[in-house]
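Written below as structure tokens is the structure these notes are about.
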Amino acid sequence: MATDKGLEDIPEGQIESNYDETVDSFDEMNLKPELLRGIYAYGFERPSAIQQRAIMPVIKGHDVIAQAQSGTGKTATFSISVLQKIDPSLKACQALILAPTRELAQQIQKVVVAIGDFMNIECHACIGGTSVRDDMKALQDGPQVVVGTPGRVHDMIQRRFLKTDSMKMFVLDEADEMLSRGFTEQIYDIFQLLPQSTQVVLLSATMPQDVLEVTTKFMREPVRILVKKDELTLEGIKQFYIAVEKEEWKLDTLSDLYETVTITQAVIFCNTRRKVDWLTDKLTARDFTVSAMHGDMDQAQRDLIMKEFRSGSSRVLIATDLLARGIDVQQVSLVINYDLPANRENYIHRIGRGGRFGRKGVAINFVTADDVRMMREIEQFYSTQIEEMPMNVADLI
């Protein structure tokens, strides 16, 4: 964990790759047989673009910065790398993975456990909103992989329940989101508490200045891998807008849309928790079945809602951007931005989930006069077109 001067000249927003070797099958990566078995059992057939590029340099021990959106297979990229590098016979934390939200941390834990199914390893999720005592107990058992949110992880390291002496790898997922959520100080503190030799792997959708600073301070001559925007996942997603004259008319517009379209599963995004609750009440009053999720809810509630949504027993989920980061719901065919996102980066996180790995999807944006500028910005930023919604939209979903 040292400095790399080469990063200071990178324009904000995008890194330049300095590594272009690709390995296009898992069999050629020289992985442990138990790990390979887990990868295929999980349903992977061949590596995605980021997996072809990033797994090998991580396994070889390089510090790695990978710039990639959710939906590109990045969780499996670092999960496979971590599992290849840890020693299952050593009951101590050897890899620490940080994520910005509890949901994402739990999802990463599930992937690590599933892919590592034949390896006899433990992976513990160390997240806020759960019992501190349970955390302490689980950490004393020496899980080889710990995945968590910065606050709780920092607390557990300070209290010496999460011991860092055997730590080989530190992974920061969605680094841009973690730093923008105000976790910078805790992340810097965690870096200081890790062994000097710890390998650092950082993943981020965007590369703002605060992320570049972390890479400069704590990474040694990192391999830089950029999965370009056109390789990401707006492809295959039809994007439309509906012009709504006034904010108050969005509700009727949504009700009309419900009448026209048969929805297998949809996510409706609002910008505030209050709006999520308000919209949920209004739709419920109109006899539409919806569930809601945002950061004010406790962990058990959020887990239950996600479970119902994943299993299909709940079909329409109204959420804030909390859900937009990395939560994988396979069968979402429609995303509605009731509010356009407050920043353009979140647009791809919201709608990029509708057509992940080439699955088709439809995104519909409700746009008032105040939103037109933001919509144009989004179009420009992603070099994409958002067209007026056609009358036959039902045929497209």
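The backbone N, Cα and C atoms fix where each Cβ goes, glycine too.
Since we're looking at a predicted model, the values are computed, not measured.
Note on Swiss-Prot: of 61-64, 173-176, 253-256, 385-388, the range annotated with the feature motif 'DEAD box' is 173-176. Among the ranges 24-52, 82-110, 198-226, 314-342, the one that Swiss-Prot lists as motif 'Q motif' is 24-52. According to DSSP, GLN69 (ATP binding site) sits in a coil region rather than a helix or strand.
Through the fold, the motif 'Q motif' (24-52) approaches residues 59, 66, 68, 72-74, 76-77, 80, 83-84, 111, 114-119, 225, 227, 231, 357 of its own chain, all at least 6 residues removed from its boundaries and within a Cβ separation under 8 Å. Across the motif 'DEAD box' (173-176), the DSSP tally of helix, strand and coil residues reads 2 helix, 0 strand, 2 coil.
Residues 70, 74-75, 78, 97-100, 104, 108, 202-208, 210-211, 214, 325-326, 345 of the same chain lie 6+ residues outside the motif 'DEAD box' (173-176) yet bring a C-beta within less than 8 angstroms of a C-beta in it.
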